[in-house]
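First the structure, in the form of structure tokens, and then the observations on it.
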Amino acid sequence: MTQGESMTPGEPTGPEEAKTPPMPGEATTPGEPGASGALPASRLDHRPRELARIALLCAVGAVVALAFTGLHGLLVLFLGLLALVVTAVGGWWALTHRGTPRVFAAVAAVAAPVGVFVLAVSSEVALLVLVSIALWVVGLAFARASLRAARPPRPMPVHESEPPRRPVLIMNPKSGGGKVGRFDLVRRAEELGARVVLLDTSVPQDVAGLARRAVAEGADLLGVAGGDGTQALVAAVAAEHGLPFLVISAGTRNHFAMDLGLDRNDPATCLDALRDGVELTVDLGRVGDRTFVNTVSFGAYAQIVQSPQYRDAKTATALDALPDLLLGTDGPRLSAHAGEHRLEAPQALLVSNNPYAAPDPINLGRRPRLDRGVLGVLGIRVDGPTQAAELALFGARASGLTVLSARQVTVHADVSEIPVAVDGEALTLPTPVVCSLAVHALRVRVPRHRPGADAAFQQDRAARRLDWRNVIHLAFPGTENHP
């Protein structure tokens with residue numbers, strides 16, 4: 001299955017998707033969310049059309065600019081695509097070999113695009129080629145914007161609730177490079193009436209046990225300033241007792257906070273939810289007896305993070321382990337069932353709490369919703385330099401990339417236990433490993449005003465698969481009825 005099959009046939013997509021405003025050619029029934037919205041109808045009608053026409057104009061301009069370069073420009077373009085293939089193949093060899101072959105492969109991967117750039121400059125077509133590329137990139141941006149404007153995302157619904165009276169916040173002073181101290185979170189939280197429990201990172205801590213003790217002592221809200229792994233442990237306790245949960249973006253990457261629309265640059269703003277907040281109801285992932293808020297990883301990444309050297313030397317540890325993992329000489333052989341689909345021997349498999357909008361092997365992007373009731377699945381299988389080149393040329397449409405969604409994912413292996421990374425935490429779980437969702441299990445209290453709640457932000461994060469036929473239909477509405 002490829003990226004184009006973003007939802008498994010027969011899998012329920014959730015009521016939210018059924019209510020998404022239609023693309024051109026799809027019927028709109030009165031009263032649907034797509035029939036009206038916050039913007040005036042004229043704006044809803046014209047903005048996607050205007051963006052689509054700008055996109056087509058840029059695309060035509062890119063072709064015209066390239067035509068002016070003549071044969072030299074076409075040669076540079078062809079060699080540029082060839083350089084992309086060489087870079088992908090060189091990158092594959094660099095990852096799957098050690099020593100001298102790795103060095104030569106890395107040099108080739110870098111030298112190929114540099115050589116094409118030198119050729120473009122020497123043939124005096126570099127400027128027009130760059131203009132053509134720039135117009136094409138701008139056209140892609142406007143094309144995606146037009147599709148997003150035509151089908152704006154529906155944000156997660158919020159609910160009013162009373163402020164907590166006895167909130168308890170668990171804070172990791174080492175998380176995110178010391179954000180708890182840098183942003184004075186302890187003092188600010190206590191001024192808002194919260195009791196703060198600081199973790200002693202010099203010894204192992206039972207974070208879930210601390211949360212349960214807080215509940216037993218009368219806490220009516222649990223919160224965490226820490227990484228996503230710590231967030232998941234306390235979120236499970238909050239969900240078990242039906243208590244609201246507060247996320248403070250004091251971790252390193254803060255993926256959960258980002259998808260909740262929280263400010264990742266200033267974690268102190270998350271505390272505003274204690275005095276003026278609303279609630280979201282989101283899903284929680286389950287893998288074995290563990291809860292996860294973001295992702296569960298199997299395969300190469302999960303194997304690498306098991307290494308004791310990984311925390312102190314991430315790059316060196318990964319480069320040392322990848323050749324054996326990618327070539328299949330080390331690590332268990334995996335297979336996975338996701339709904340009606342089977343993924344055979346993926347080198348990397350990622351299961352997420354709700355699907356990401358436009359995932360790829362390098363950047364997962366964001367999850368527009370955390371309440372759809374389905375798992376996202378991303379599988380990667382690259383068997384050699386040819387598939388590496390295909391991945392470089394076709395990206396998410398490459399055959400080595402599988403993207404789908406399912407209610408449940410079961411991972412099998414040829415061994416009794418496999419390494420698993422749960423929200424970045426290294427674990428070992430018995431096989432088969434079952435991933436599922438607890439739908440609408442967690443009440444999350446967030447500030448009433450947060451950057452991710454803005455309509456513009458919601459549109460930016462809702463990536464759409466780009467199909468130029470849809471862009472043409474938006475630009476010229478009458479064309480959808482013609483072949």
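Cβ coordinates are placed from backbone N, Cα and C, and glycine is handled just like the others.
Range 152-171 is the one annotated as region 'Disordered', of 152-171, 172-191 (source: TrEMBL). Sequence-distant contacts of the region 'Disordered' (152-171) (same chain, at least 6 residues past either end, Cβ-Cβ under 8 Å): 16, 19-21, 33, 37, 180, 185-186, 189, 192-199, 207, 210-211, 214, 217-226, 230, 234, 244, 246, 248, 250, 274-282, 368-371, 443, 445-446, 453, 455, 458-459, 461-462. Counting same-chain residues at least six beyond the ends of the transmembrane segment (51-68), those with a Cβ under 8 angstroms from any Cβ of the stretch are 74, 77, 128-129, 131-133, 135-136, 138-143, 145-146, 149, 468, 471-472, 474-475. Beyond the transmembrane segment (102-121), the same-chain residues lying 6 or more positions past its ends with a Cβ under 8 Å from any Cβ of the stretch are 76, 79-80, 82-84, 86-94, 129. Residue counts of the domain 'DAGKc' (162-291) by helix, strand and coil are 51 helix, 32 strand, 47 coil (DSSP-based).
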